[in-house]
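K.L.:
The domain 'Cadherin' annotation in TrEMBL covers 6-105, 106-214, 215-322, 323-427, 428-539, 546-664. According to TrEMBL, the feature transmembrane segment maps to 664-688.
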Amino acid sequence: AQIRYSIPEELTRGAFVGNIAKDLGTDVAKLAAANLQVLSDSDSQYFSVNVNTGIIMVSERIDREQLCGQNPRCFLHLKLAIENPVEFYRIEVEILDINDNPPEFPSEEVSLRIYELASLGARFPIQPAQDPDVGTNTLQTYHLSANENFNLNVKARTDGGKFPELVLERALDREFRAFHYLVLTAEDGGSPPKSSKIRITIQVLDANDNHPVFDKPSYGARLVENSPLGTLVVKLNATDVDEGPNGDIRYALSSHNSATLRQIFAVDEQTGEIRVQGNLDFEEATVYEIEVEAKDMGSPTMEEHCSVVVEITDVNDNAPEVILTSFSSSLSEDAPPGTVVAVIHVRDRDSGEQGKVQCHVSPDLPFQLRKDYEHQYSLLTSTRLDRERVAYYNVTVSASDLGSPPLSRHTILPISLADVNDNAPQFEQASYEVLVAENNPVGSVLVTVSAADPDSEQNSRLSYSILRAGGTDPGLDPTRYLSMHPTSGQVSAKLPFDYEQTTYLQFHVEVSDGGSPALRNRTLVHIFIVDQNDNAPQVHFPRAGEDSATQLRISPSITPSALITKVVAIDADSGRNAWLSYHVVEATEPGLFSVALRSGEIRITRALQETDASAHELLVVVRDAGEPPLSTAVTLVVLVEEKGPEALQGSEARATDGGGLPTITLYLIVSLVLISTVSLVGLVVLGVRCL
């Protein structure tokens, strides 16, 4: 939609321009809720909108002459942008001229030298007054003070300029009056009108009485912009019927021409050739009107003036311009397709087809351009975005005109994607298996679990915690034995493990990221306790107190290889650490008694003799197979007495002689088998999981 307003220049700040809410036919509250914004095509923000009232106001001083110069019409273009949904409204504000500038002559006084033989009707240009206003407020007319010899003629140029000329109406007589003093008044058409004056002093000279005459009242030429320096524009031709120096003509650019025009064109004073000496730019000026004068070499000189109109033809020499009206360099990765990323304004200073611009972006990117209206595009997302796949885009917007050959310009828009917590952490392993030797030091790191999260910053900051695993013995609370470092994933021991109490522990480790809401994942950790040789064998039979020996009685007639007793010991460890061996390390009479290496049975090796002692002391050591091995010693005192078999120590010994196994030995064998079976099963399970 497009709305047009008209306001005079030089309005005070806060002056009313228009009611946009009323003109759009919408409620003021809706405009405020839709985040109404004013976007200007110019560098200055001349207008503002009160979102509470919908009124457009002047926010800076507007000088129409500064903005548009001598252009008859002056416009400022605005765009109103609202959100939800995104809409644009184009506003055109016409700046009306007020009569705030009077006409001004370049000087307060001008002097002319005119020969007394100047023919009637001779014209003498006066430097014109300049009025930056336009329309009726600009310079409209000149007035000449009353005199007998001169009338005023106002010459109108094609661009609207007015140049005053003094026209000689009555022959001059220097002898009658050598100087004439006139006053020229310039007046504009404002209400009330403004004016300025210049004093004209005319000196009447004698001699040369014929001025040069051009063969044409005006000349015309057409050039292509960017024509090379030295290009011929036109060749002037003026003649003077006088002879000698009075008929010798020199050409020059008139003082009426601006300094800019003098930098672009030059005339050869001898030949009258006008050539290009500066840059011709169609975008700066499409037509140049050159004022040329021809002077003779008489004394005083006489001159004649003519105009040369040069039309400039446009070529495609300006590449399109890309202006970012609105741009967001950061975009959330979950932005839906169709999200507006940037609003782009394009323009080309050339004219016609050469000034029409087309824009496009690479089809390989998840972005597309939508043409809102002439010279404006919106950059939109075309597909779903994923920061973990591509976190940064350099979107190149290419603008090309329709010239031949076409010119183009490329603008790179850097767009970074902001992270959204859309990825749960993932452990490096689905489960972890750890072998831990019992009696481990407190605080030692048992295992380190590691997880990764492809999100960034807070969404990728991970925190670990221990959870009880399903199916675990309720009495084995993992947090009693273990602690978890929340950020490194290190699992440390709070207590030393005892294989004789706990052989296996499993638990879950949960990891959660720092997103909102947080995403979680779990892994299962298996801890297998490895036995250490930390228990010495315990002698259960025969029993004896500390620092005391156990006494046994045998008959002097006992037969060789007869069982005296059996040492029964148990080791709380398992495996090799519980394999026991029995040794006689000290004896009163070495070689008389022997002990079975594995069973601990003590037997007499030969028949007793009368020379043998009546009491024998044996030191039996029970040693396990651990590394290093642990041992326990028991002292036995064997007394030789004339008594029956009842003299032997305890009923267990008699039962052994009768061929049956003692009850405690049976228990020991069963326990050993069970412990070995459990250890074997555990090793098999560990081997399978490792494979």
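Using the three backbone atoms N, Cα and C, a Cβ is placed for every residue, glycine included.
Please situate the listed features within the shown structure.
P.N.:
Residues of the domain 'Cadherin' (106-214) grouped by DSSP class, helix first, strand second and coil last, total 3 helix, 54 strand, 52 coil.
DSSP assignment over the domain 'Cadherin' (323-427) gives 4 helix, 56 strand, 45 coil.
On the 0 to 100 pLDDT scale, the domain 'Cadherin' (546-664) averages 78 in this prediction.
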K.L.:
For the transmembrane segment (664-688), could you work out the same-chain residues 6 or more beyond its ends whose Cβ comes under 8 Å from its Cβ atoms?
P.N.:
433, 435, 503-504, 528, 531, 540-541, 566, 568, 570, 574-575, 578, 652
